[in-house]
Amino acid sequence: MARGLWFLSRAVGRLRPLLVQGPTRGFSASAPEQLHVCVVGSGPAGFYTADRMLKGHEGAQVDIIDRLPTPFGLVRSGVAPDHPETKIVVNQFSRVAANGRCSFFGNVTLGRDISLSELHKTYHAVVLAYGAESDRSLGIPGEDLRGIHSAREFVWWYNGHPDMCDLCPDLKNTESAVVLGQGNVALDVARILLRCKAELATTDITDYALDALRGSTIRKVYLVGRRGPVQAACTAKELREILGLKNVRICIKESDLLTTPADEEEMRNSRIQRRVYELLSKAASAHGGNNYNDQKELHFLFFRRPTRFIPAENGSTIGAVQLEKTVLKGDEVTGKQVAVGTGEFEDLKCGLVLKSIGYKSLPVQGLPFDKNRGVVPNLRGRVLNSESETATVERGLYVVGWLKRGPTGIVATNLHCAEETVASILEDDKKGVLRPPSDSKKHGRTGLLEILEQKNVRFVPFSGWEKIDSMEKMAGQLRNKPREKITTWDGLQKAANE
Ligand code: NAP
């Protein structure tokens, strides 16, 4: 038996009722024509797309593939462990996966196990929802020194993503960490570094991360923004949470809070910006006074941009970040205030740097990609063959989520994004675009299973994930946590195969 057959027979077993659903008495005349849809990526954008597709078309058969053996993308590996309420959405996604017209194929990598053109030939519609699994880089000297990580790597590490379980960030040899960027991801990583470990112990943070954080010597975290407090990219709820951490002193320079007419104008136009600014101002005056010895410190540094990473004496690990002071200038093209260097520099000593300046999507072979914006060029989710004005639509190819609009927005933002993309698919199907007479037959799920079998790809069905899930929950119970995640590729595959 080929390596993948055990899974194959189980999946086909689940599918049988669908495959034999041919003409039956009193039903055949109105049975909707099948529409085979493949969604690549099982994060929020992928699952919302599957959900809307199943609801929007009675004949839709939706297969979701993911390179990980586990579903839910950023909800599992991105959302902070101390934000369990954000993860509740997996219940909704699990109900989608349980729909008889939906199947999950974990452990299948687009571009390695199956190509985009193979998917294209097999499905009426292919929806790319694989998000942003890489990082923007600063492109400044010293970026590869030890002790510098992207925030994504650090987040994946404490959340047990199998690609980052061996990161082992050194939290023991320094008292200062620098986080570059002031978005919500920056706040997440700063909060995890500073939060009381007893509070973290009851979350689904991985055991190894909790141990490392318990042994951490980091007392000071610097959140560095290249612009001012009015432009901080975080949102009010997340800011309020970090400002309220137990036993953490907040340090903000009063002089950084002075505003210009342009700042006031920005705040008039954005409630979120005004709220963030107000919270920072309040925190600056509330925390100005006492310092207790055992208190940790969170420093908000504004108007500073990183220009160089300076090695420690050993020459190979990070010792300090060189920062250039900035001022804001209006950009004529975008109308935004941008940071401009002043030529005045200072060094900020640290032993850990987390670069939190944004995630980055990567293209796969055969996919049009706008390198400057880091997105797939698209028209309401329909993939375009280039960014030019004369671009044409790639029939049957769609995009959703961060790959469609860039790496911004919360979980719920993907719902509207998915609705737009699904509306485009349904419209195209109605117009007959997805089934031109000249086109060969699309086999959908049976075609996918054949390709995976031929290539000996051992995929993990949703029932495999359910085994991982129950093992993790059982292990968590013993530690008084919601779950103890399995964090290695081998461990996950073994658990799925139990
Ligand atoms: P983000 O919100 O876009 O923030 C990126 C930060 O990096 C900004 O402060 C930006 O400053 C800075 N930056 C970018 N390029 C830089 C450079 N070359 N040098 C210095 N600084 C630079 O991205 P994110 O924090 O990765 O978050 C991604 C999305 O996920 C956001 O929409 C966020 O709200 C969401 N998210 C939400 C939650 C939550 O709701 N709890 C949690 C995590 C993430 P400028 O503004 O000057 O460009």
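Each residue, glycine too, has its Cβ placed from N, Cα and C.
TrEMBL does not curate its annotations; it predicts them automatically.
Because the structure is a prediction, the values reported are computed rather than measured.
Taken from TrEMBL as is:
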BINDING   Ala45, Leu74, Leu110, Trp402  FAD binding site
BINDING   Gln182, Gly183, Asn184, Val185, Arg226, Arg227, Glu238, Gly409  NADP(+) binding site
DOMAIN    36-209  domain 'FAD/NAD(P)-binding'
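Shown here: features listed in TrEMBL, placed on the structure.
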residue	record	contacts (Cβ under 8 Å, 6+ apart)
Ala45	FAD binding site	Gly73, Ala129, Gly131, Val400, Gly401, Trp402, Leu403, Lys404, Asn414, Cys417, Ala418
Leu74	FAD binding site	Gly43, Pro44, Gly131, Val411
Leu110	FAD binding site	Val40, Ile65, Arg67, Leu116, Leu119, Tyr130, Val364
Gln182	NADP(+) binding site	Leu223, Val224, Gly225, Ala232, Ala233, Cys234, Phe300
Gly183	NADP(+) binding site	Ala233, Cys234, Ser356, Gly358
Val185	NADP(+) binding site	Ala151, Arg152, Val155, Ser356, Tyr359
Arg226	NADP(+) binding site	Phe303, Arg304, Arg305, Thr326, Ala339
Arg227	NADP(+) binding site	Phe302, Phe303, Thr326, Leu328, Gln337, Val338, Ala339
Gly409	NADP(+) binding site	Trp402, Cys417
Under 6 Å from ligand 1 by Cβ, which binding-site residues from Ala45, Leu74, Leu110, Trp402?
none
For Trp402 (FAD binding site), what is the tally of other C-beta atoms lying within 10 angstroms of its C-beta?
29
Need the DSSP three-state call for Gly183 (NADP(+) binding site) to compare against my parser.
coil
Checking the spread of the NADP(+) site as listed (Gln182, Gly183, Asn184, Val185, Arg226, Arg227, Glu238, Gly409): what is the longest Cα-Cα distance, in whole Å?
21
Greatest CA-CA distance (Å) over the residues Ala45, Leu74, Leu110, Trp402 that the record ties to FAD?
18
Averaged across the domain 'FAD/NAD(P)-binding' (36-209), what pLDDT does the model get? Just tell me the whole number, please.
98
Given a separation of at least six residues and a C-beta threshold under 8 Å, show me what packs close to Asn184 (NADP(+) binding site) in the same chain.
Ala233, Cys234, Thr235, Glu238
